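Copied from TrEMBL, the annotated features are:
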- Asp34, Asp72, Tyr75, His245: Fe cation 1 binding site (BINDING)
- Asp72, Asn111, His208, His243: Fe cation 2 binding site (BINDING)
- Cys162-Cys222: disulfide bond (DISULFID)
- 28-246: domain 'Calcineurin-like phosphoesterase' (DOMAIN)
- Asn117: N-linked glycosylation site (CARBOHYD)
- 1-19: signal peptide (SIGNAL)
Amino acid sequence: TQMLALLWLAVTLVTPVTPGGGRGGALTFLALGDWGGVPDPPFVTPREVATAAAMGHAATELGSDFVLALGDNFYYEGVRDEWDPRFQDTFERVFVSPGLRDVPWYVMAGNHDHAGNVTAQLRYSHHSPRWHFPHPYYSLRLHIPGSNASARLLVLDTVLLCGHTDDFGAGADPAGPRDGAAAAAHLAWLRSHLEAAAGDRFVLVAGHYPVWSVAKHGPTPCLVRLLRPLLRRHRVTAYLCGHDHNLQYLEEGGVGYVLSGAGNFMEDSRSHEGSVPPGSLRFFFGTPTSPGGFAHVRLEPSAATVTFLEATGRVLHRVTLPPR
């Protein structure tokens, strides 16, 4: 905890992401949540393997400058240390398609990661050329090729902000932050970075817990209270998350809400349909027989395009968001 406390005080890392070129003047990435296998051999699920293969195809066909991993990277209790074999069994040996081989991953922690050792996941960045987890929360500066347009991606730690929850309970809400001062520092960091992003054409914010969701866990009250007003005030393009094990798109207050939690499990419950703003749900996919899915994001000077893909390669839904 002391190491993490020191990290929280650290100067924010700003990573410029340079596009791998090509894709017709766009920056592209894949967003995948709740993908983290299982704790017993073979340490993967058929859905995770199918989703990994489909992501390789999507990276080749649609482009992918990086992968945004939306948390719950290792079920059910994260990893023990930076040498944990789960890094190999659930990550390195699974995402092996040629299209993904040299693609960097930008990682955040979910509640299941916090059940183990998050510092170990940060330290694993030194062991793998494609695993980038520099700090519990961080900012990525994105340049849209062939233009002078920039975008910003702010990666949050929503467990640090809102507290822990046992994802497999009765969908209990996070119980409040374990460390109030660290949560306040995180929120202050977010406010200052949203202000600093005033000139960026697109601003994306990503965290594990949803703000809005119609599924089993539903909206996260802490984020509806703390985050939603900031997203609206700063005209954030979209908020990306996981936690519920399906694919959803909601729109409210000018902000797009992209839920991509179908990397390992698939659930079709819509028990919180009455808990989201009327008319906000635009797309939901949780078919239990489906082999999984993920989202593809394309940023070009004129628009941000979000495409939801099933692991079969089928396009499930597509939405285009304007620049700010």
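Using N, Cα and C of the backbone, Cβ positions are placed for all residues, glycine too.
Curation does not apply to TrEMBL; its annotations are automatic.
Features recorded in TrEMBL, as mapped to the structure shown.
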residue	record	Cβ neighbours (10 Å)
Asp34	Fe cation 1 binding site	30
Asp72	Fe cation 1 binding site	30
Tyr75	Fe cation 1 binding site	25
Asn111	Fe cation 2 binding site	22
Asn117	N-linked glycosylation site	18
Cys162	disulfide bond	26
His208	Fe cation 2 binding site	31
Cys222	disulfide bond	20
His243	Fe cation 2 binding site	28
His245	Fe cation 1 binding site	26
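For the pair Asn117 (N-linked glycosylation site) and Asp34 (Fe cation 1 binding site), the C-alpha distance works out to 17 angstrom. Considering only the recorded positions Asn111, Cys162, His208, Cys222, His243, the residue whose Cα is spatially closest to the Cα of Tyr75 (Fe cation 1 binding site) is Asn111. In space, His243 is the closest of the recorded positions Asn111, Cys162, His208, Cys222, His243 to Asp34 (Fe cation 1 binding site), judged by Cα positions.
A Cα-Cα distance of 8 Å separates His208 (Fe cation 2 binding site) from Asp72 (Fe cation 1 binding site).
Predicted-model confidence for the domain 'Calcineurin-like phosphoesterase' (28-246) is 95, expressed as mean pLDDT.
Closest by Cα distance to His243 (Fe cation 2 binding site), from the recorded positions Asp72, Cys162, Cys222, is Asp72.
Separating the Cα atoms of His245 (Fe cation 1 binding site) and Cys162 (disulfide bond) is a whole-number distance of 19 Å. Take the Cα of Asp72 (Fe cation 1 binding site) and measure to each of the recorded positions Asn111, Cys162, Cys222: the nearest one is Asn111.
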